[in-house]
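Single-structure report; data block below.
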Amino acid sequence: MAGKSSLFKIILLGDGGVGKSSLMNRYVTNKFDSQLFHTIGVEFLNKDLEVDGHFVTMQIWDTAGQERFRSLRTPFYRGSDCCLLTFSVDDSQSFQNLSNWKKEFIYYADVKEPESFPFVILGNKTDIKERQVSTEEAQAWCKDNGDYPYFETSAKDSTNVAAAFEEAVRRILATEDRSDHLIQTDTVNLHRKPKPNSSCC
């Protein structure tokens, strides 16, 4: 019998320049490039992992944060299993825009039950000392808007990056019927005997 794992689509949303591409690349490749250009449209990377005994393939989508790329990114929202709303702790405007990003996602992803959809909030760039958004402010927003989990991350030094993505998987596992996500893997039981062909008249 072929082994099965789950395929989860996870999308990163937030203003341009908050570090979405860097977070994805740090998590998947464990590399950080300070010279990354802004994403145009969308791109994605896959990562296989095991979370709490569940084998998962994460399909992580990075989206362009600039307004002029809205028509390019929004068609890819559909089918998402979790949304990582991302802001930069050194940019208060990116924090204030979280509500707009949430609304945009719910609308274009056609989320049927927004109150139960798994969002995870990331306050990125904690390696920068000059903060404009406090931990308390971010936690209060999360509590008021759906009691979402909040992680302060740094793609530069990898702080909490893995923990945030793994929490996204746990949120999906807690809310979704995994049978909708099952995919075949390459593991096959070589000792299984084939069933005899049956026929009927």
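Every residue gets a Cβ built from N, Cα and C, even glycine.
What you see is a predicted model, and the numbers here were worked out from it, not measured in a lab.
Swiss-Prot has this to say about the protein:
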type	residues	note
BINDING	GLY17, VAL18, GLY19, LYS20, SER21, SER22, SER34, HIS38, THR39, GLY65, ASN124, LYS125, ASP127, LYS156	GTP binding site
BINDING	SER21, THR39, ASP62	Mg(2+) binding site
LIPID	CYS200	S-geranylgeranyl cysteine
LIPID	CYS201	S-geranylgeranyl cysteine
MOD_RES	ALA2	N-acetylalanine
MOD_RES	SER34	phosphoserine
MOD_RES	SER179	phosphoserine
MOD_RES	THR187	phosphothreonine
MOTIF	31-42	motif 'Switch 1'
MOTIF	64-78	motif 'Switch 2'
Let me know how many other Cβ atoms fall within 10 Å of the Cβ of ASP62 (Mg(2+) binding site).
23
Whole-number Å distance between the CA of ASP62 (Mg(2+) binding site) and the CA of SER21 (GTP binding site)?
6
Site with most surrounding Cβ atoms, counting all protein chains shown within 10 Å, from the binding-site residues SER21, ASN124:
ASN124
Relative to the Cβ position of GLY17 (GTP binding site), how many further Cβ atoms are located within 10 Å?
14
When the pLDDT values for the motif 'Switch 2' (64-78) are averaged, what is the result?
67
